[in-house]
């Protein structure tokens, strides 16, 4: 079928006409234009150049370039959000044109006009609805100009709700005009879709999937045809039967599941084993179920059947005999594993009457049951009616797999293996029917199905399938096996029986975890006691046998042959029982032995998942814990007296330690100790300790060849000098050659020496795996008050140490005391130092971190939950701002707002003719009217034609340093001088580079956050640079802010707190700048980065660069020094105003020179002050430091001093700043990052643990070449015009400041400094009472 379809639909390439070529090419271009337009609309950015935006300073962000930006801006301005639908409409029109390009219909101009009217109505109403109900997009109206006009027209007349309804009505009419669809049709379509969805959902919920589907039934029929042979019936009958079955199954899906098939089974008179549903085979040989001899409801066939055993002339026992032959020949349905038994041949069918009868007992294999037979006593006679070949029905073949099966044991075990069938009427017992059914089950193939039959036929049918209630049921003995080889057919059970049985079995599987399976009642009931099925007890077995008694003798031989054949594949073994049901037996291969009730034992994994530990597991854990305790327990090596002595020594040591911590060092000296007694006690103690050590190592046995113990071997002079001091000094342990001894399996006990008895040192014996090198001295962190004692934590508790261990705590060993064995320099005692005092010179070793830079975990993390922005409150504030501006006769509209962590900026669109200066002058009045602390007016917003109004938030958020440092802008910046400032009003981090500033001036009043901002910048560089990259010179006049950084390896010198030393440090920076410029000039580079690259290149070439300016007398170096990498130098001055007030004008020139020239040399200044007045921040300093940061200041004058413009006086404080970056005149408002003192101390301690600072000598010291402490009598400190001024004064013989000022055209201050320098040199005299000076130097030589 598919081949024919392919041949009919073969595609051939046909050429288009010229008109169609042009049309398709044009359509393709239009579609591409629509795609480009959609990309331009989606990537629209307000800062791009467009019709409403003409000035920009950034690259174009729009994907469509400049045309895309212009077109997107125009469409948004006209249509608003409806501009996004324009590309979709264009693509739809192209598709419509391409689909109807071949239609030659005449154009209906009236219809075209109606469609045009509908399109216009849709566009206008859509824009109007968007303008009324949707939020604005960017700075455009949501409906564009069209929507704004409609909304402003309709709202005064109909309000927003009425306008929306009116526009919806017009939109509906426009849709009908444009598409030609009736709304009735649209409603019907919508209703039909909804009903289809509901119908589909309801059918899905009512569908029953508890049994197999129709396809599975069809597969079952095909499978049975393949395995059991072709059914002998006409094709018409099979088609009719299949149609009836499908219709019945379709009807059963929509009826009550609990009552399904009930009426048909009870009142229709049909047999549930009719051919229309079930086929019957016996070991692969087909048998007719409608045989007149074996049916209980009719005696004649409705039609002639050539395979009828009565009409075709074949003997009635042929099907049974054929089945027996098939069983013995192939055993195709046998279990996978069968026991090998000695069975007689099949030929011996005639047996004497003395042979016992057998009960046909089905035995399951690993997956399915295999029916086998076992001998039974004569007490179970078989009725002749059950030996007829009509029992070949394969009902069990079609029933589902069950987890268990009934077993019926015979009364006594007989040695014979041949079956015997007694006459039926001799013993009419109720169990005979059940016994006969067991026999019949051997004729049906049950290899792939469970042999238990859990159904009963109604009373109207022959009780051939009546099964007894098993004595012991096991519904959850093992999981229900999944049959994949043969799909099960429909069982002859009522549907409610199937559902209830399956659900009950699932419930029992879930409930039966640890309880044994209960035994059912011993009554002949159906499997489920809750179900009532017709019983066969009402029909006596004798009457049932009499119905077919004439045929009993003819079938007996066939039955015996079949039973004999079945014994070939079944083990002959049975249990003795007194006529009742036999107990539950074990299933499997071999003899079936009795066993107790079956209980499902959970696995270890299941028990562990429920937290239940098996006894073996608990015992193993107990043994492991006992072994761990015994690892340190060496009680078998010591007697009770020794253990008591060790405990007393430990108690005495702890008491002595407590007293020493309480009273200090004098506690040991207060105890009078005689020298002779002390020596004797020391010798005795050493002897005892040595004996104990030998006992620990060698279990009390003296090794062969060992030298005897002698105190003379351990006497040396250092110990005698330390006898009176005791072990309370933190001394190191000398290195002793260890004695290689085998490791003991159990760690020795700990025994502490009493500190009151100074003793001689003893030799230290260590295990081979222990390190011989002495450990460094550590102080115990739990006891910082008494650091005299030296503690060393044991690393390997198994190996014994020379110290003594405590037997009471084997799991957590106590710190070990080490004996002093050699005199060392006494360590500084800080017993009297309070733990809260700062230890600037603290040399205690710290744990060295493994990371190259400090971890962000040292800083406080920001809160995980951030309070959302209240847009409703912002809208209310925007309306309030408009109202307050209208009170001052300023018409402005709030078009946008940008909420930040501290403030919110409202963008005002002023009316034509309104100046921004008017709002700036009203800043205080607006703050008063809006009930806020301060209002800052931003007259120019870059990239926008609006005026900004910054108002503080009601709830201020804290900006944490960690969240700013953990940012891509900071991480990706390669500069080691990268600093973070905080966040801007939009919440974006602000990161600056000190190398590009290149100097920074910070000003702010007390409490404005200036010191916190400086700390944030220092921590930023500490998180970014190594000490070899950046070095600091910190000047802190207050000795509070920067002194905390004392001891970090980045410092060039100690934190400078004396202002005279500060002037020397600045002077050293000037000299260092000059030296670096000389070196860079010799290497031909322009900045410090290029210089370091040259040095690195020389190192890679393995040819270091020698210092070109070194002379042999310059230093004590024996060899020519080479150039090394130079770090950046950052000079931080915390209180610049105090420095200026203390030193005066002496440092102004130094700062000015550094600000002018130090950038290329890698020296940068950071000056912070509280008072940004003109006498502190002079014009000379401001001119060379373009980068400024202004925190809150007191007045506009101070704001203009620091920023050259107002605005800093209206800041909110607590880190709120204005940052004026390099090459920018517009300041940026930044909310500074908050840094706690604990975070600063944590980072400082982290860097202290990494290494000690390498201070440079001579930075703060005075030298003759430098002219003293801040003096100007050195040649390098004189003014460049000093020599010319001296010549001018000596020639004119008149020394006046005004004369020097006029002659050289310099400032008054500079001229005054030159005259002062002349006075210091002795060229002119001091100023007289009249203000004149005398020239003391002689005139120049002519």
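Quick reminder: no glycine exception, Cβ is built from N, Cα and C everywhere.
The ATP binding site feature in Swiss-Prot is assigned to 1007, 1008, 1009, 1010, 1011, 1012. Sequence-distant neighbours of residue 1010 (ATP binding site) (same chain, 6+ residues apart, CB-CB distance under 8 A): 1002, 1003, 1004, 1168, 1170, 1191. DSSP assigns residue 1010 (ATP binding site) to a helical segment in the three-state reduction.
Annotation source Swiss-Prot lists compositional bias 'Polar residues' at 437-448 (among others).
The compositional bias 'Low complexity' annotation in Swiss-Prot covers 449-480 (among others).
Taken from Swiss-Prot, the feature compositional bias 'Basic and acidic residues' applies to 619-628.
The compositional bias 'Low complexity' annotation in Swiss-Prot covers 657-666 (among others).
Residues or ranges marked as compositional bias 'Polar residues' in Swiss-Prot: 690-699 (among others).
Swiss-Prot lists 738-829 (among others) with the feature compositional bias 'Low complexity'.
Per Swiss-Prot, compositional bias 'Low complexity' is recorded for 849-859 (among others). Taken through DSSP, the compositional bias 'Low complexity' (849-859) splits into 3 helix, 0 strand, 8 coil.
Residues annotated as domain 'FtsK' in Swiss-Prot, with sequence analysis given as evidence: 987-1200.
When Cβ-Cβ distances below 8 Å are used as the criterion, the transmembrane segment (25-44) is approached by residues 61-64, 67-69, 71-73, 75-76, 83-84, 86-88, 90-91, 94, 97-98, 138 of the same chain, each at least six residues removed from its ends. Summarising the annotation, Swiss-Prot assigns transmembrane segment to 25-44 (among others).
Swiss-Prot lists 75-98 (among others) with the feature transmembrane segment, giving similarity to another entry as the kind of evidence.
As annotated by Swiss-Prot, transmembrane segment applies to 116-132 (among others).
Swiss-Prot lists 163-179 (among others) with the feature transmembrane segment.
Each residue in 1004, 1006, 1013, 1191, 1213, 1214, 1215, 1232 lies on the same chain as 1007, 1008, 1009, 1010, 1011, 1012 and has a C-beta within 8 Å of the C-beta centroid of that ATP site, without being one of the site residues. In sequence order, 1215, 1232, 1233, 1234, 1235 constitute the residues six or more apart from residue 1012 (ATP binding site) in its chain with CB-CB distances below 8 Å. Counting Cβ atoms from all protein chains shown, residue 1011 (ATP binding site) has 22 others lying within 10 Å of its own Cβ. Break the compositional bias 'Basic and acidic residues' (619-628) down by DSSP state and the numbers are 10 helix, 0 strand, 0 coil.
Burial estimate for the binding-site residues (1007, 1009): highest at 1009, by number of other CB atoms within 10 Å. The Cβ of residue 1008 (ATP binding site) lies under 8 Å from the Cβ of 1191, 1192, 1193, 1211, 1213, 1214, 1215, 1216, each on the same chain and at least six residues away in sequence.
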